Structure formats: C-alpha cells, structure tokens
Amino acid sequence: MSGRVFLLLALVALASAIQRIKLEKRTYTREQYKFGSIQEHLKAKYVPGYIPNKDAFNEGLSDYSNAQYYGPVTIGTPPQNFQVLFDTGSSNLWVPCANCPFGDIACRMHNRFDCKKSSSCTATGASFEIQYGTGSMKGTVDNDVVCFGHDTTYCTDKNQGLACATSEPGITFVAAKFDGIFGMGWDTISVNKISQPMDQIFANSAICKNQLFAFWLSRDANDITNGGEITLCDTDPNHYVGNIAWEPLVSEDYWRIKLASVVIDGTTYTSGPIDSIVDTGTSLLTGPTDVIKKIQHKIGGIPLFNGEYEVECSKIPSLPNITFNLGGQNFDLQGKDYILQMSNGNGGSTCLSGFMGMDIPAPAGPLWILGDVFIGRFYSVFDHGNKRVGFATSRTGK
C-alpha cells in the first residue's frame, strides 16, 4: 500500500471517529461590553453563596451574553434546533420552553422547546432553578434525545435530562445570539444532579474511542462568521501545532488545574502554583486583583472604571509577551491576543485589556479563570477519561 493511500485511509478513519461542531461567533461594541457585569456574573458562578450587585449587572450584558462562541444541537423527535453556548464552567443543559410567559422577552426572542411536539419527550414535572445575578432561571425538567450538531450520530437516548426554562432573569439573555446553555463541566456541580449529555456519548465506545472534547476558537477579526470548532471524542491535529501539554485536574468539579506561573520579561507575577479554571463560557482572563493590577501597569493599561483598563491600540505590536506555564510548558500570549479591540461607535476602535482582577476567597479561591482570551490562542482539550486538561498552540491562533 502506498504512503499516499495509507494517509488517505488514516484521515478517513479519523474523520469517522470524531464529531465536529462548527461554532459561530459574535463581536461587541465598546458600549455593550461592561466589565462590572462580567465580574458579578463570575463571582455568582464561582463563589458559593455570593449575592451579586444587581446594579452592576444592569449596566450591560452579562458575561454569558459577551461570550462570543456558540453552536448547534437538536432536541427531540423530530429534532428541534437550538444554538447553545458550550460552557465548560457549568454542568447543565437548558433551553427556553414553549410555555414561557408572553412577557418573558428573552424566552420569546429565541427558539423554544416544545415537549408535546416530541414523540420521545417525557415531562417529569420536576422544578429546576439556576441562580444568576439578575435573578433565577426557572423551569422544569424534561427527558429527551439530545444530538450534537445537525445529524443523529452523536446523540443521547431519550432519558437525557434537560431544563426547559419558563423564566429567564432580567436582560441577561435578551440580546444573546444563542438560545440556551450547554454545560460541559462535571456532574458534581450539576443542579438537580442531572448528568450532562456528554456522559452518554463517552459511555458509547462504538462512536467515542476517547472520552474527551476539544475547542479550537477562531480569533481572526477579518472572519466574522467562522467561530471555530468543537471536536468530540478525539483531537484534530489540523487545529494545532506541536505537542499537547497535559495538566491533571485538581478536583472533579470545574475543569480546575494548577497554573505554575505567569511571567513577563523575566519577572514572575504569581507566587507558586495556583488553581485555575478553564472556562469557555467567559470571554476574559481573570486573576487575583493585586496581580492583575501589576500586569495592567506593565502593559501600560489606563484604569477606567469597574476594573476596565484601556490600552492605546497603536501600542499592541510592541506589548510584551505574557507567559503562562501549564503542564510543564510555556504558553505565550502576545499583545494581539490579550487586547480586545472593538468598535467605539464613532467609526474608530477602542482597545481594552483582556485581563480582569477578581478576588475569590478561600476555599474556592484564590483562583485564575482562563477564558476565551486564553483559549482563543491555545487549542484546549478537556480529557474526561484521564481527568486532565491539555493545551497546544492553535494552528491559526489569532
């Protein structure tokens, strides 16, 4: 057999062994992007018992709405289509419900699931509630078939639990381009102890040889439609270069690992290994406030308000690399990676630092959160079977 034929067969085998989910993305104007609401959302997400400042939330979109990347799933028989945010920082699937009140604007502006129109759906009647900064997302639990993407290859059985939302809080989800949230964290943090859909996919060895999923995010500002891709059950070497550096999980709640160090121009900005959570559901990169302030000063950030720092757009090419050590390997963020360049509404651009200070008290913290600012530069692999997270340089990380 020639080498060319062997390579072709290998590529065909790889293609059949994994599922690819194309992601879409959305960008935001300076006016829409509010760090205060993002910070409150993350504290509500990661600090047990935290009572958010609702005024901060009402300044603008929450971090879920600022998250740029979402993709398709179907639910039910026949399939009902939804766009969902794939969130490694939570562990429940929920979509808007067909019977939500007429006055619930967020629900009415999105696709809604109707259990009565699905021959495979069972309405359990069990109540469901997730606390957000502007209130609670409330609904009931249904059981039905959930499929990744637009085909029926990677699907759960009809007993998969999901939340059908009848009430969505405040303005949090009104402007979101996605319909609901698809949690990809661990079942230990799942509301109502509902197992997530990936559990069933991982259990099906006929279609899933490796219990993992991977994110490749496109940060190309010139491509306004392609958001990237998620692969299920294997990695895709077309999306990264070099070896994957692995870091074991600290605990099976979030995708929590140890960050060894953060270094700029030879100066270390962290003191020893510190917990970090890899979160596809947040757009920023956060760390302890005292450390982030030093980083902002180093990159010439000008403090504004609510933790925002502005940087002159013209200085991006000369900004220093910021090096994160994970899994024994260094990962360099360049200025173009950690500066958010967005329209200011006047035909120009405003550049904001993608770093945000946030203090999370013990025992949950101190903590770094590696959001899309980091994941957009580095191919990120979430290995459920081996309880670890891996990173490699994205082939087109921009």
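Backbone N, Cα and C atoms are what each Cβ position is placed from, and that goes for glycine too.
Per Swiss-Prot, the features are:
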ACT_SITE  D87  active site
ACT_SITE  D279  active site
DISULFID  C100-C107  disulfide bond
DISULFID  C313-C351  disulfide bond
DOMAIN    69-392  domain 'Peptidase A1'
CARBOHYD  N321  N-linked glycosylation site
SIGNAL    1-17  signal peptide
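Features as recorded by Swiss-Prot, highlighted on the structure.
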residue: C100; record: disulfide bond; contacts (Cβ under 8 Å, 6+ apart): C107, R108, R112, A165, T166, S167, E168
residue: D279; record: active site; contacts (Cβ under 8 Å, 6+ apart): D87, T88, G89, Y254, W255, I369, L370, G371
residue: C313; record: disulfide bond; contacts (Cβ under 8 Å, 6+ apart): I339, Q341, S349, T350, C351
residue: N321; record: N-linked glycosylation site; contacts (Cβ under 8 Å, 6+ apart): I264, D332, L333, Q334
What's the number of neighbouring CB atoms sitting within 10 A of the CB on C351 (disulfide bond)? 21
Have a look around D87 (active site) and count the other CB atoms within 10 A of its CB, chains all included. 22
Around C107 (disulfide bond), how many other CB atoms lie within 10 A of its CB? 25
Given the model, what does the mean pLDDT over the domain 'Peptidase A1' (69-392) come out as? 92
